[in-house]
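**Q** When I checked TrEMBL for this same protein, it listed these features:
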- A:88-300: domain 'ABC transmembrane type-1' (DOMAIN)
- A:30-56: transmembrane segment (TRANSMEM)
- A:88-112: transmembrane segment (TRANSMEM)
- A:124-144: transmembrane segment (TRANSMEM)
- A:150-169: transmembrane segment (TRANSMEM)
- A:176-199: transmembrane segment (TRANSMEM)
- A:219-238: transmembrane segment (TRANSMEM)
- A:250-269: transmembrane segment (TRANSMEM)
- A:281-301: transmembrane segment (TRANSMEM)
Amino acid sequence: MSIATTNNGRAASAARPRIYRRRSPLRRKLFPYLLVLPAVAYLLGITLYPGIYAMVQSLYRVKFNSWTFIGLDNYEKLFADPEFWASLWNTLVIGASALALEFVIAMTLAAFAYRDPWVRGWRIIFLLPMLFMPSAVSFIWKLAFNDGGVVSDLLMGIGVIGSPLDFLGNVWLARLSLVITDVWQWTPFLFIIFVAALQSQDMEIEEAARLDGARWSQIFWNISLPLIAPIVAVALVLRGIDIVTMFTSVFIITGGTPGGATETVSYFIYRTGFKRFDFGYASAASVVVLVATVILAQTFVKRFFKSGRD
Amino acid sequence: MKSLRGRAPSKILRLTILGAWALFCLLPILWFLSIGLRPRTEIILPQPLYWPTWTVEAWNMIWSDWPMGYYLRNSIVAVLGSVVIDLALAIPAAYALARYRFRLREDIGFYILSTRMMAPAVVAIPIFFLLRNLGLLDTVWALMLVYAAMNLSLVTWIIRSYMLDIPSEIEDAARTDGATDLKILVMIIVPMCLPGIITAAVIAVIFGINEFLFTLLIASTKSAYTLSVALANFTGGSDGVIYNAISMVAFLAFMPVLVLLIAIQNHLSRGLTMGAVKG
C-alpha cells in the first residue's frame, strides 16, 4: 500500500463525520466469522473430509479400485484382531515409558539449570538433538544399536555385558531402543518449556520461603513445582500427543520387529493400508483411533487452552 | 545469588548432572558426524571404529550419486510455500480469536487446536486418495498443502497468543481516527506481533522439514522427495544402508535449522506450547 492512498484515506475520514465510516451492525457481526472462515474451511477440508471418507471406506472391502460393501465386518474383524490390540498395547508401553522418562529427566535438568548462570548455554546444547530431522535421528540410533553395534561395544567396554546385545531380536530391547531414541531427541522439548516456566515464576515467593528457612528441595517441591503445574500439564499433553503418533522411528529402526512387538498404532495403519493394501480395514482402524483422539481431546486437552482472554 | 549458597544444591552435583546430559546430547552427534566423514568401509564392522580415516567422500557422493538438488529444492519450496499459506490463513483467524467476541469462538478456537492432535497415520489414507484424485501425488504442491494443514493450528495459536499481548487501547485510538478493522490488522497488529509471526513461521519451517509419513506416501520420485524422506532411500541394494551419506544430509538440514532456532531462542518455549507459556 502506497503512502499516497493512506493519506487519501486519512483526508477522507477527516472530511466526513466519523460515524459515517462505521460498518452496518450485520457486517460488524459477521466480520470475525469472515476472518476465521478461510482457516476453518482449510482445516475442515483436511480433517472432516478425510474423517468422512475413512468412515465410508471402512464399510467396504477395497481391492484395488473395486469397493464391495460389507457393513461392519471390518470393525468386527478389527476388534478380534490380536495385531490391532498388540499395536495399542505397544503404543501405550513405549509411549508411557518415553513420556515418563522425558518428564523426569527434563524436570531434573530444569530444576538444576534454571538459575544456573550458564542457562542459555545449557539450553543450546540440550536443544541440539531436537534440531535433527527425526528420520536422521532414527538412523543415528539404528546404527548405534543395531548395524554399528556401538551401544553393545560401549557396554562391553565398561564390563556391563559380556556379549553384544541383539536389539532387534529381544522384545524389550527393541522397545527400549525406540524409547531411548525418543528420549534423546525430545527431552529438550520439555526441558525448554520447564526452564521457561521456572524462570517466569515470581521469584519473590521463592525468596520469602528461603528466608523462612526452607531448604532448596523443599522450595522446589512445595512452591515452584505447584506454581508451574498448569504449564507442565500443557507440555506433557503436547508431547504425549506426538508420542502416541510415533511412526518414523518405528519405520526406520525396527519395522515393528520382533514379532510385531514394536508396532505402534500408526505403523499398524500404515502397514495395513500401504503394505497389504487393505484400505477398508486400515480405514476402520483409523476411525477407531480418530474417535478415541476426539474423546481424549475433549476431556483432557480442552481445559488447558482458551481462545480469548476472559 | 550469593545468599543462595549453602541452601542451593552443590555446584558439583549441578555441574555433574547437567554435564552428563550435555555429553549424552553431544557425543552421538559428534560420532554421527564422524560417520559422515569416513569411507563406507569403516562404518559397519565387527568392532566399531571410533577414529576413522577422515574423508569427504560421502559429501561428494550425495551430490554426484543422488539428485540432491531436487531434494533440496522440494524441501525448500514445499516448506516455504506451506508457511506462506499458513500465515495468510492464520493471521486473520488469530486476530478474530484474540480480539472479537462472537458465538462459537471457543469452539472454533478449540477445533483449530484439535487438528494438531490428529495422528498423521489416521488421516493418511483419505488424504492419499484425495490427492490421488486431484492428480497431485508425487508433486511439491501436495506436500505444500499437507504441511500447511499440519502446521496451521500451531501457527494460529502462537500468533493469537502474541496478539493478546497488544493493548487494545492502541486499536481503539486508531478506530477513533477512522481506521477500518482490516486496516488496523494490517497496519498496526501485524507489525506489532511480528516476533510472534516469526516464531510461528520458524517452528512451522522446522516441522515441515521434519515431516516424514505424509511425504513418504505422497512422494515416489525425485520430483517430490524431500531431504527427510530421501534419507530413508539411501540404501543401495547389496550396500545396505549408506550411513555416511545419510549423515551428510542430516547435517545439511541441521545447519539452517540451528541458525533459525538460535534466532528465535527466547521465544521458543512460547512457540512450542502454542502460547501457553510466556517466557
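Cβ coordinates are placed from backbone N, Cα and C, and glycine is handled just like the others.
These numbers come from a predicted model, not from an experiment.
Please situate the listed features within the shown structure.
**A** Nonlocal intrachain contacts for the transmembrane segment (A:30-56), taken as residues 6+ away from its ends with a CB within less than 8 angstroms of a stretch CB, comprise 23, 283, 286-287, 290.
Nonlocal intrachain contacts for the transmembrane segment (A:124-144), taken as residues 6+ away from its ends with a CB within less than 8 angstroms of a stretch CB, comprise 109, 150-151, 177, 180-181, 184-189, 191-192, 248-249, 251-253.
Counting residues 6+ beyond its ends, the transmembrane segment (A:176-199) has Cβ neighbours under 8 Å at 94, 97-98, 101-103, 105-107, 109-111, 113-114, 119, 123, 126-130, 132, 134, 137-138, 141, 145-146, 167, 224, 228, 231-232, 234-236, 238-239, 242-243, 246, 249-250, 253-254, 262 in the same chain.
A Cβ distance under 8 Å defines the sequence-distant neighbours of the transmembrane segment (A:219-238), meaning residues of its chain 6+ beyond its ends; these are 99, 103, 107, 111, 189-190, 193-194, 197-198, 201-202, 205-206, 209-210, 300-301, 304-305.
Sequence-distant contacts of the transmembrane segment (A:281-301) (same chain, six or more residues past either end, CB-CB distance under 8 Å): 51, 53-55, 57-58, 74-75, 77-78, 84, 237, 265, 268-270, 272-273.
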**Q** Taking residues 6+ outside the transmembrane segment (A:150-169), which of them lie with a CB under 8 Å of any CB in it?
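**A** Distant contacts of the transmembrane segment (A:150-169): 143-144, 176-177, 254, 257-258.
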